[in-house]
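Trainee: Quick one: structure below, then a few questions.
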Amino acid sequence: MQTIPLPIRPTAGRWRTADVVALYELPFPELLHRAQSVHREHFDATEIQLSSLLSIKTGGCPEDCGYCSQSARHDSGLAAEKLMPLDEVLAEARAAKNAGAQRFCMGAAWRSPKPHHLEAVAEMVREVKALGLETCVTLGMLQDGQAEQLKEAGLDYYNHNLDTSPEFYGNVVTTRGYQDRLDTLARVRNAGIHVCCGGIIGMGESRRDRASLIAQLANMEPYPESVPINHLVPIPGTPLAEAAPVDVFEFIRTIAVARITMPRAKVRLSAGRQSMSEAEQALCLLAGANSIFYGASLLTTGNPQVQADRALMSKLGMRPETV
């Protein structure tokens, strides 16, 4: 039986984009076998972490991210809202926990949080954490001292995605540079908060761009503990509303490559899952995804219903992760 040699990592311990491309180009069965083997070395392959995501401040963002309906620059029809009151956030968090979620993420459409907003979010973090939920927030760019304030409140994870490769990034966002994102991630890491960082597939990027994104993530020291892989959800009124859909097998390959290059990370099957069949979702889990967003919506896009997710887990013989 012929075996295909795995691309060798450079002795410096860094993934080159060419190495990641070589992983993408493995025959599909071989790639999934390798990804599942790596997955089983570090995780129970029958467990899935269930995360819920709440938009605590929707719309009105000054950034121009081409995929996002929350940008004030796009005519998506989404009305801007103020920051949710604490009691409403806690009601949503309790409902998420009662539905089976172990992790609660809060997202705000800001370029960067103002001091009084950060104080309010810190209080949300404290109260949600007191419910026994793992906490994550995504608030935009952080300035000096802000990550430490969130750490003091007990924040577990901060999400700040790279979105795509450095080479393709300017085609998607112009109001925030790639280095701006890396600077925020450095502040998060230096404050002792776990990093949640991934990207979006299907924005018109090439396979090499996808490989470059994975290399950027895998070469972080250390690589993110949480890696959300999103499938673009085209939203009317945004610049990427007419983006051509990426082949589902290319998306599954991305999950597998993320698992191989970041063995201990939680690889999160994120936006776009609503359009996938049960079989396609099962292949993503086989490829190494071990977390899903659980609930009816993801910020401003749809998500499979809780009952559908429970039914799928039952069919696959999988179960929620034990906290």
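Cβ atoms here come from the backbone N, Cα and C positions, even for glycine.
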Trainee: Since Swiss-Prot lists Cys136, Cys196, Arg268 for [2Fe-2S] cluster, which candidate among Cys68, Cys105 does it give for that site as well?
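Mentor: Candidate in the recorded [2Fe-2S] cluster site: Cys105.
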Trainee: Considering every residue in the domain 'Radical SAM core' (46-264), what is the mean pLDDT value?
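Mentor: Residues in the domain 'Radical SAM core' (46-264) carry a mean pLDDT of 92 in this prediction.
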Trainee: Can you tell me whether DSSP puts Cys196 ([2Fe-2S] cluster binding site) in helix, strand or coil?
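Mentor: It is in a strand.
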Trainee: Identify all same-chain residues not among Cys105, Cys136, Cys196, Arg268 whose C-beta atom falls within 8 angstroms of the centroid of the [2Fe-2S] cluster site's C-beta atoms; report them in sequence order.
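Mentor: Same chain, not in Cys105, Cys136, Cys196, Arg268, Cβ within 8 Å: Ser51, Leu53, Arg103, Thr138, Tyr157, Asn159, Ser226, Pro228.
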Trainee: Show which residues of the chain containing Cys105 ([2Fe-2S] cluster binding site), separated from it by at least 6 in sequence, have their CB under 8 Å from its CB.
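Mentor: Residues satisfying the criterion: Ser51, Ser52, Leu53, Leu54, Thr135, Cys136, Val137, Thr138, Tyr157, Asn159, Phe293.
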Trainee: Could you state the whole-number distance in Å separating the C-alpha atoms of Cys68 ([4Fe-4S] cluster binding site) and Arg268 ([2Fe-2S] cluster binding site)?
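Mentor: A Cα-Cα distance of 19 Å.
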